[in-house]
Amino acid sequence: MAKRKLKKSKDTSSVLRLKPASQKEMTQREKYMFSLAALALVVAVCAVPLSAETSSSGLSHHKHIVLRMDEAILTVNNELDTEVVVSWMSERCFQCLYQQLGVVPAGSSPGQPSSVNFVVSTQHEITLQLNSTPVNLELCTVPFHFGEHGNYSLWVKNLNNSAVVNCSVVTDAEPVNSYIPILVAFLIFAGLALASAIGTIILGLDVVKGILFRIGGSMETERLINSELGSPGRTASLVADNILPPPPSPSKRLRSLDTFRGIALVIMIFVNYGGGRYWFFRHESWNGLTVADLVFPWFVFIMGTSIALSINSMLRVGSTRCSLLRKVVWRSLQLFIIGVFIINPNYCQGPLSWGNLRIPGVLQRLAISYLVVACLDLLVARGHLDILTTDALWGPGLDILLYWPAWLCVIFLEIIWLCLTFLLPVPDCPTGYLGPGGIGDMGLYANCTGGAAGFIDRWLLGESHIYQTPSSRVIYATRMPYDPEGVLGSINSILMAFLGLQAGKIILHYRDLHTHIMSRFLIWGLLQGVISAALTKCSTDQGFIPVNKNLWSLSYVTTLACFAYVLLVLVYYTVDVKKWWSGAPFYYPGMNSILVYVGHEVFEEYFPFRWRMVNSQSHTEHLIQNLVATSCWVFISYMLYRKKIFWKI
């Protein structure tokens, strides 16, 4: 029976060689765009469930095993005359120990294998190691990327009755395609964007403008005639107002900056709500990057850019540096306190308990970065700036030389980070350790998670006041608490905000010289990219300082700053230079970022942001729920924008 089944199945491997895996009235364009948004959301809710992972073919003989998301069934068939120990290791786990999956007894007789079913992870490729007992002799290793809800068999037998052991994986039932919901959602929102672009072009045609103007003008004239207050003079005045363009605003606000902030915020809300429970919408376990790792540094970056513009604007209107310093300190204190409350949700059940109060958090990190960078800018900022030229030899670096005291302070802070990270002795851990601990590094430093960064947090704040379930637990099985928003990493978040401040200085010094602004952004982005390549050796784990969100490593900051400068160029060019895009819908949450962020944290567990799902182990249902919740906050931010409600701290 085993041979016949093997023949009918699809063999996907061989011995040791397998497949790897304006705060104006609503314009016609805005009405059109939000109508499309509502339509697209309805279509998404109705269409995406059609691609749900409901396939159960081939699992009839495994009905007692209930699979969750990102899991598959592996049946190990052992034809050898000895027990086989099955272990596994994820490809994302760097220098890790194998973890035992289970033991398969010896075959009862030739041609009658013993079989044991196991549940395996499908998120990443894993390597299976098979050892014989009791001598613990390695028989074979099999790398394979299992598919979600698939049914697989691993056959272990002697090759042609010899002592050579053959290990091969056979696909008994095809896995489901868990990425179809993402594709459907992407096509829906891409269609929305395309329809919005086409609608914008149509509304911009002179013929359409004329029709809309005549319709609007006739309706306004009729309203005034029927009104007791209407008069010919008043009507003529209103018509003239419709024809003449509004006077230019004295303080020109760059829509691209709010759009950039909104992009980061919307993605942050989506991944915080779960991101459909896809692994690439969650934080990386240790070294490397996922989509979730991009957004917080971008938010810090654009905060630095806004600091430069706002302080310059307030200095120009006559505010003193002392008054601005008081505002900066008060705002930072408010951010920190709000952050402590929302990061400890038990405040709804009574007074906060100091015993397990988490102190670090996202808003706390923003408060510290804002305080330091704003103070540095107050130290060197100028109220009246001249447009810089590149005629002189030192011209290209003048926007740095003008603020050299602030640069010296940031460099000094970075030297402190390097010294503490690589020179601080950590008990029972190697000096300069940057690893995750747990089963990483062959399990030699299990309690050294984060090295100096983790040690400083545990010593300064206490183990009970930092994050208890870090992302390193997922793959590296760490047991130590570790906080990704800890004390030492705050130094590099200050660096990230300061690089954003530099972008603001470029905008101020090269105002209205779009080519100069964009070229400077690209030069800074290229410089940060070169630094990242040198620090990481263009690898995930082999560099001097790997890209690591948990540590907020130097290479993580330079890499994300590189991405931020490039993204800012694209948004600045399309929104403020060419005006091809208004920035909607990201512009609206970007205008109310603190309110939207705090709101999405506080109301996370309430309808319509969350509801009881029919199948909680479905990527489709999670994706729909998270997209609806994120869209709700975009809509809320738009309504607040229409009502001119902005929460400023």
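Think of each number as a place in line: the chain as shown, counted from 1.
Using the three backbone atoms N, Cα and C, a Cβ is placed for every residue, glycine included.
Given the structure is predicted, the values throughout are model-derived calculations rather than measurements.
Mean pLDDT for the domain 'Heparan-alpha-glucosaminide N-acetyltransferase catalytic' (253-375) in the predicted structure: 92. Among the features that TrEMBL reports, domain 'Heparan-alpha-glucosaminide N-acetyltransferase catalytic' is placed at 253-375.
Under the heading region 'Disordered', TrEMBL lists 1-22.
Sequence annotations record features per position, and here TrEMBL assigns transmembrane segment to 179-205 (among others).
According to TrEMBL, the transmembrane segment annotation covers 262-280 (among others).
Annotation comment: TrEMBL describes 295-316 (among others) as transmembrane segment.
What TrEMBL lists as transmembrane segment is 328-347 (among others).
Under the heading transmembrane segment, TrEMBL lists 367-388 (among others).
Feature annotation from TrEMBL assigns transmembrane segment to 400-424 (among others). Among residues of the same chain six or more beyond the transmembrane segment (400-424), those with a C-beta under 8 A of the stretch's C-beta atoms are 376-377, 379-380, 382, 394, 431-432, 434, 451-453, 455-456, 488, 491-492, 494-495, 498, 502, 505, 554.
Under the heading transmembrane segment, TrEMBL lists 487-508 (among others). Tertiary neighbourhood of the transmembrane segment (487-508): same-chain residues 254, 297, 300-309, 312, 360, 365, 368-370, 372-373, 376-377, 385, 399-400, 403, 406, 410, 413-414, 416-417, 420-421, 452-453, 456-457, 460-461, 517, 520-521, 524, 528, 551-554, 556-557, 560-561, 564-565, 568, selected by CB-CB distance under 8 Å and a gap of 6+ residues from either end.
Taken from TrEMBL, the feature transmembrane segment applies to 517-535 (among others).
Taken from TrEMBL, the feature transmembrane segment covers 555-574 (among others). For the transmembrane segment (555-574), same-chain residues at least 6 beyond its ends with a Cβ under 8 Å from one of its own Cβ atoms are 254, 256, 259-260, 263, 289, 293-294, 297-298, 301-302, 305, 492-493, 495-496, 499-500, 503, 514, 517-518, 521-522, 524-526, 528-529, 531-532, 535-536, 543, 545-549, 580-581, 583.
According to TrEMBL, the feature transmembrane segment maps to 586-603 (among others).
Feature annotation from TrEMBL assigns transmembrane segment to 623-641 (among others).
Each residue in the domain 'Heparan-alpha-glucosaminide N-acetyltransferase catalytic' (253-375) gets a DSSP state, and the totals come to 94 helix, 1 strand, 28 coil.
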